[in-house]
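Each remark here refers to the structure printed beneath this line.
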Amino acid sequence: MNAPSAAAVVAASMIGAGVYTTSGFTLGDLGTPHSVIAAWAIGGVIAICGALCYGALAQQFTESGGEYLFLARAIHPAAGMMAGWVSLLAGFTGAMAFAATTFESFARGAGLESLDGLPDRSIAIALVLLAAIVHSLGLKRGTHIQNGVVIAKLVLIGLFVLIAYSTLSTWQGTTVAAATEAGAATEAGTATEAGAATEAGAATPGGGWAFALVFANALTWISLSYSGFNAAVYLTDEIDQPTRNVPRAMLFGTVGVAVLYLLLNIIFVYAPPAAEVAGQPNVATLAAESVGRQIQSRGSDWGSWVGPLVRLAILVGLGTSVLALMQTGPRVYQKMAADRLLPRWLSGRGGGNSGAQRVAGPVESLPTIWIQAGLAIVVICISTLREQLDYLGFTLSICAALCGSLVFLFRNHGVHPVRVWGYPWVPIIYVLGTLGIATLTAIRVPLQATVGLGTLGIGIAAYLVSRFLWGSRAFGDRRN
């Protein structure tokens, strides 16, 4: 896999369900569009700092495996197992279920009568199964299919951005602040809109500590949208010249997606009336419909196509997100199996090779692909979108902060001393940012935080079981 393909995996992993759904919830909680954009900008800065940290670690550990590999090699196999378990339940399974569930929501909203008779959640399940089939064909075919779909996604998104910004002068948010709009709507008696926003959790927060908690919760959701920035480290064994291409793929992919996120979310929260999208999960299509109406108000009939165009872009984007997660997730489990933390038959061909012994050809394990698919289907059937957002954001933040802190550990140690641009501020921003978000979210949403901590505990218990069943080898001090 070359650098552009690795960057495509990063982009596909990042641009998923979160960017198309999060800003509605965030606007409902924060109350004003500029607060939403500030949250997305802060999330982008944290993600870019994370990409720089992970890029440095990828030069130290030149194998596939991501957080599992980093923590297992640097700290202890138990720490790696904990991270691997988080990847299993949250990082890939939960994120895939979230993307697939959102895909179904947007597909059913398209108004196609042929979908009305299908059972609930069947579309999401079918998408997961399709992704498993694609990657069961082998790395090369799966990568080519994914690259093509990613290009189509970026073209569709770019077209929407150009169309939307051509209507900038008619955007609702450029003339009236969100708080004023919400207040005017309430005074005018528009109880339906105001009530819907309130029921969805829309409330303008107070200042100080209360606002900090709400803002941190919004950043937790947003961090989920940026979480795919590290996708390339899960495929290190399969990337050409990994010490050079893995860091570049993560950095360029993350910066590009961060800019795109800002452009999109400015449209989502400023183009339509705030009361129309606050607290709504389908903020992207509502914004697109608003842009379409503004175009039609100029006397142009093609404005009616903006909504369907965006819906198509969203569906393609969510599809590539599921494809990317199905490609990267099983690599973690293969590495865990190669290290005897899972049954060895899950390691696949070449699953135990180190970077120095990298094999030519795909590193694949069909059992891990289909186990990943099965777990995602289970989550699809038992949870809601907002529950998935809170759980995923908190749980992933813990492991991400632990990995970011390894930069300090290996600053002057290891085979290749870690060098990060902007040290020490870049890793400090990343580690404190992710830990701060997780801490404040735990205070505001203790139930989901408890479930997340329980996931970490299960990972430790799973390590002890694996030691008993498969006798995992001691590699805690081994480094490439």
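Just so you know, glycine gets a Cβ as well, placed from its N, Cα and C.
TrEMBL does not curate its annotations; it predicts them automatically.
The feature transmembrane segment is assigned by TrEMBL to 37-57 (among others).
For 78-101 (among others), the entry in TrEMBL reads transmembrane segment.
Residues or ranges marked as transmembrane segment in TrEMBL: 121-138 (among others).
As annotated by TrEMBL, transmembrane segment applies to 150-168 (among others). Counting same-chain residues at least six beyond the ends of the transmembrane segment (150-168), those with a Cβ under 8 angstroms from any Cβ of the stretch are 8, 11-12, 15, 174, 260, 263-264, 267, 271, 287-288, 291, 294-295, 306, 309-310, 312-313, 316-317, 320.
Taken from TrEMBL, the feature transmembrane segment applies to 209-229 (among others).
As annotated by TrEMBL, transmembrane segment applies to 249-271 (among others).
Long-range contacts of the transmembrane segment (305-326) within the same chain: residues 9, 12-13, 15-17, 20, 92, 95-96, 99-100, 102-103, 106-107, 109-110, 127-128, 131-132, 134-135, 142, 145-146, 149-150, 152-153, 156-157, 159-160, 163-164, 228, 231, 284-285, 287-289, 291-292, 295, 369, 372-373, each at least 6 residues beyond the stretch ends and with a Cβ under 8 Å from a Cβ of the stretch. The feature transmembrane segment is assigned by TrEMBL to 305-326 (among others).
Annotation source TrEMBL lists transmembrane segment at 366-385 (among others). Proximity of distant same-chain residues to the transmembrane segment (366-385), defined by a Cβ-Cβ separation under 8 Å and at least 6 residues beyond the stretch ends, is recorded for 21, 88-89, 92-94, 96-98, 100-102, 105, 121, 124-125, 128-129, 131-132, 135-136, 281, 326, 329-330, 333-334, 337, 345-346, 348, 391.
Annotated transmembrane segment per TrEMBL: 391-410 (among others), in sequence order.
Feature annotation from TrEMBL assigns transmembrane segment to 422-443 (among others).
As annotated by TrEMBL, transmembrane segment applies to 449-470 (among others). With a cut-off of 8 Å between Cβ atoms, the residues of this chain six or more beyond the transmembrane segment (449-470) that come close are 77-78, 81-86, 89-90, 340-344, 391, 394-395, 398, 438, 441-442.
Between the transmembrane segment (249-271) and the transmembrane segment (391-410), the number of CB pairs under 8 angstroms, six or more residues apart, is fewer than three, so the stretches are not in contact. Across 37-57, 78-101, 209-229, 391-410, 422-443, the stretch most heavily in contact with the transmembrane segment (121-138), judged by Cβ pairs under 8 Å, is 78-101. Within its own chain, the transmembrane segment (391-410) is flanked in space by residues 49-50, 53-54, 56-57, 60, 67, 70-71, 74-75, 79, 82-83, 86-87, 89-91, 94-95, 98, 220-221, 223-224, 227, 230, 383, 417-418, 420, 423-424, 427, 430-431, 434-435, 437-438, 441-442, 445, 448-449, 451-452, 455-456, which lie at least six positions past its ends and keep a Cβ under 8 Å from the stretch.
Long-range contacts of the transmembrane segment (78-101) within the same chain, counting only residues at least 6 positions beyond its ends with a Cβ under 8 Å from a Cβ of the stretch, are 16-18, 66-72, 121, 124-125, 127-128, 131, 224, 227-228, 318, 321-322, 325-326, 328-329, 332-333, 336, 339, 341, 372, 375-377, 379-380, 383, 385, 388-389, 391-392, 395-396, 398-399, 402-403, 452, 455-456, 458-460, 462-464, 466.
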